[in-house]
Each structure stands twice: as structure tokens, then as C-alpha cells.
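Here the structure comes first, spelled out in C-alpha cells, and everything after it is commentary.
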Amino acid sequence: MSQDSKVKTTESSPPAPSKARKSLPVLDPSGDYYYWWLNTMVVPVMYNLIIVICRACFPDLQHGYLVAWFVLDYMSDLLYLLDIIVRFHTGFLDQGILVVDKGRIASRYVCSWSFLLDLASLVPTDLVYLRLGPHTPTLRLNRFLRVPRLFEAFDRTETRTAYPNAFRIAKLMLYIFVVIHWNSCLYFALSRYLGFGRDAWVYPDPAQPGFERLRRQYLYSFYFSTLILTTVGDTPLPAREEEYLFMVGDFLLAVMGFATIMGSMSSVIYNMNTADAAFYPDHALVKKYMKLQHVNRRLERRVIDWYQHLQINKKMTNEVAILQHLPERLRAEVAVSVHLSTLSRVQIFQNCEASLLEELVLKLQPQTYSPGEYVCRKGDIGREMYIIREGQLAVVADDGVTQYAVLGAGLYFGEISIINIKGNMSGNRRTANIKSLGYSDLFCLSKEDLREVLSEYPQAQTVMEEKGREILLKMNKLDVNAEAAEIALQEATESRLRGLDQQLDDLQTKFARLLAELESSALKIAYRIERLEWQTREWPVPEDLAEADDEGEPGEGTSKDGEGRTGQEGPLGPGL
């Protein structure tokens, strides 16, 4: 066959359909699917941890439900096997990035201790049933090696639950139950080994009425173990060495358990107190201060009622301190989700940039006012604006009784006082008395915080000033002439400043030129002096000066004084 026919045959033959293999997705270890799978693994691990030891120590339990145990055993083994498959499809973080390469995931898992423990927990020890019989559940003790998955599930649940302290207490109670359960099973097994009813310490003889039932056997053993491990006492004295050793071991375990319980409960209580201190201000210090300063009873009662209102209604006044450990971006998102809807109701903040509102949300300070408390009074200097989150406030006359208007949730006041609008006839003074009718929750935004944010958004500042000017025009509190005069004065000031800047630039230029000329002159003078020195070195020396120098050289017995004279030492002294 020719080469052309081969090509035609190849082109005419249809391509073989490729079967796409659907592989399991890679799980995120911090995702929901992995979390729910961990919770699923709690069931087989707890089954093996509680039931296997019970079946090994209570033969009647093993014999009476053998078929059910086989079904549950192999269902748990199936979940163990599926857990290994899930481990091969669970990603991990490398430099903060989730690794989804299954080859890297498999190699990392295989080289870890977890893989060895998982394999050891699935060793088919049940095959020994063929030799020892099906009533030896101790062959399944290797299933306990999967207990780390139980601890991992508990840790994930503790970080996700809304009640971590309650979960810690429940987890502690579960651990205590497991320890007492194991101890009761071992007590019954030891009693059977020593002989039922041989003394008062072991389990009574099952031949006695009521003690032959399985439920009675377990409850009696559990009760006896509880007495020992709680060190309550009222237990029969041991009579044999094995019994003494068992009691000593239980006492040591009880001491360690007692220390663990006390430490865990202390940690839970400390965490609860710390959380309360973080969410709510400490009123004990304020109460002590008021007593030391002899504050009147009425004012003290108002302060105590305010603290009580915060505690009962779960009001927080220090949100910034609570969220301070979050990254700035994440803290902004939390604040936006909570307070952005409230801030967007303010008229001067409408249609502003989203980033500006996010910055402002971080500056909001929650405040709570008691019934009858004034938020602001007429004539006060306005340094902040308020947004009503919950409650009612009244605009009252100077007598504090006459009400002009009632402000409810979602309204705001004081926004004009924090924006320096030219021509504002009221200036930065409050124009009304605002009093809280009941307990009112407000958001406070200070002028300094607004100015700090607007310094990065000059265009938004211009838009807000225009909106504030429109509001003042509607209220007839904008002096147009004063605004024009102030604008003209500002323009004149800016013009003078520009002129001064120009003059300063000219002076700096002249000064730099003088410095350059001075440096040039200094270099020229230095060059001339150096040249003169070289020229004087080349001049010839006169003969008379040379002869005088030769005669004036000092010899033996002569000395030359400082003036170049030589003197000989005579009877009256040198040179005389």
C-alpha cells in the first residue's frame, strides 16, 4: 500500500472517543465538606472506643448480639477505608496557597505518621476469628489508632461553634464518661478473673437474684468505678494484691483527672470572664470610684442602671478593641456588614464612594444614652455627628419638657457642624437640645475622624460640602454674602501665599547663585596662593645670606640662642 493511501485511510477513520475520567475533587481542609466528613468519622471512632472494650469485658453482650456487632464492625471499617481515600484527596497549604496536586498530596500523606496509623487501624485482624472464634473482640483493638481523627473533629467544632465554652464542658464530660466506662469494664473483667463473689470488693456472684442481668452488671461496675475515680469513698476494702494494684492505679488516675477537670473548668470560667470584660466595660471600678468620691445616690443609681442595661441587652461600646486583632481589610468588611446600611442613610454621605464609606464605618463609635440624658445642648460646640441606631430622641426646649420633634431609628443630626461650610450662620454651635427619651443607641462620628478620612478624598469632600450647603439653604441658615466674602478672602489669602511662595523661590535661587560665586572665588584664591608658593621656591638665594648661614652654624663648645646669636660660656655664665 502506498503512502498516500495510508494517509487517506488515516484521515477517513474517525477518531476513537476518549472516555473522560471523573476524579474526586480535592477538599479544602478548612472547608465545610471536610468539616462534615470529620463529624461523620466521630461515629465509627466512638463506636470502637466504647463498644469494643465493653464487648471484650462483658461476654453476655458479645454473645447476645453477634450479628449486629459484625454488621456495625464492618460498616465502621468501610468508613475507615473511605477516610483514607478522603485523606488522599485533602489538600494542604504550602506558603499560604492550597495545594490541589494529587501527586503532592499523596506523597505528603504517605510520608506522614497519620498514614501508618491509618493503615495499622485497618489491618484485617478479624481473620484470626477463623482460629480463635468470633467471640474475641479484643482482636479489633487496633481500631483505636484512629482516635486522632476524633480529636481533630473536636478541635474543628470548637472553632466553628458559637458556644465554645459550652462545647469544652461537653467534651470534658464525654472524656470523663469514656474513662469511667473503660474503668468499669476493666473492673468487671478483673472480678471475673478473680472470681465473682469471692470477697466484698469484686462483683457479686451472678447466681444471686438480680445480679445475673447484663444491665445490672454494667450499671454496678459503672457505679463502683465512679465511686473510686471521684474519690468519694464508701467502697469495700480490697483483699488481694490485684485489687490493691487496681485501686492504686485508679487513685492515681483520679488525681490526674481531678487536676484536669479543675484546670479545664478554670480555663472555661477565665475565658468567659475575659469575654465579658472584652465586650462590656468593668463597672466594679466605676462603682468603687463613686463610693470613694462620695457621689450622690441618684447619679450613682443612673450609672449602675446604664451598666445593667448594657449587660442585659448585650450592648457593646468597644467594638474597635474587640476587632483590633483582625487584619485591617477583614476588620473593614466586618464593620461594613454591620454598620454600612446605617451610615448610608445619612444624606450627606449618599452617593459617596464605597471606599470612603468603608473608611468612615471604621471610625464610628457606638454610644448608649440613658433615659432623660442630654446628647447635646443648644450652644454647645459641635465636634461630632450622631446617627440613631435604636431608640427615640426628642428635640426639646430649654425647659427640657416641651418637645418640638421626636427622632427615631435611622435619623441623624449634627452632620452640618462637623463640616466647615462657609457662610454657616450657626457656625459650629448646636442649635437645639437633644434628649434621650429611653435607652438610645447612637453612632458617633467625630470631626477629626471625618477630616482624616476626607484628606484622602478631596473630591468627596467637595461633594459633601455642596450637599451641606444645599441643606443650609433649605434651612435659611446660609449667609450667601458672608460666604462670598469668605471665599474672596480665601482666594486673596491663597493669592498672597502664592506670591510669597514665588518670592521665596526667587530668594532661594539668588542665594544659591551667591553660594556658587563664593565657592568659585575661594577656589581661585587658593589656586593663586599655591602658584605663588611654587614660584618662591624657584628664586635664587643671595651669597651674603648663604655665608652668614655657614658662619652661624654652632660648633663644639658653642650654643645658638633663639635669636641666632652664638655665645661662649665665660666665668660669669654663658654668653658673658
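For all residues, glycine too, the Cβ spot is worked out from N, Cα and C.
Nobody curates TrEMBL annotations by hand; they come from automatic prediction.
The shown structure was predicted, so the numbers you read here are calculated from the model rather than taken from an experiment.
Copied from TrEMBL, the annotated features are:
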- 1-23: region 'Disordered' (REGION)
- 34-54: transmembrane segment (TRANSMEM)
- 66-86: transmembrane segment (TRANSMEM)
- 172-190: transmembrane segment (TRANSMEM)
- 218-237: transmembrane segment (TRANSMEM)
- 244-265: transmembrane segment (TRANSMEM)
- 348-454: domain 'Cyclic nucleotide-binding' (DOMAIN)
- 475-524: coiled coil (COILED)
- 539-576: region 'Disordered' (REGION)
- 544-554: compositional bias 'Acidic residues' (COMPBIAS)
- 567-576: compositional bias 'Gly residues' (COMPBIAS)
Mind checking which residues of the chain, 6+ beyond the ends of the transmembrane segment (218-237), have their Cβ under 8 Å from one of its Cβ atoms?
54, 58, 179-181, 183-185, 187-188, 191, 199-201, 203-204, 211, 247, 250-251, 253-254, 257-258
Same-chain residues at least 6 beyond the ends of the transmembrane segment (34-54) with a Cβ under 8 Å from one of its Cβ atoms are 27-28, 61, 69, 72, 75-76, 79-80, 83, 86, 90, 137-138, 140-141, 143-144, 146-147, 149-150, 152-153, 156-157, 160, 178, 181-182, 185, 218
Average the per-residue pLDDT over the domain 'Cyclic nucleotide-binding' (348-454) and send me the rounded value.
81
With a Cβ cut-off under 8 Å, give me the same-chain residues at least six positions beyond the ends of the transmembrane segment (66-86) that come close to it.
24, 27, 34, 37, 40-41, 43-44, 47-48, 51, 55, 118-119, 121-122, 126, 134-135, 137, 140, 143, 146, 149
Using DSSP, break the domain 'Cyclic nucleotide-binding' (348-454) down into helix, strand and coil residues and give each count.
20 helix, 40 strand, 47 coil
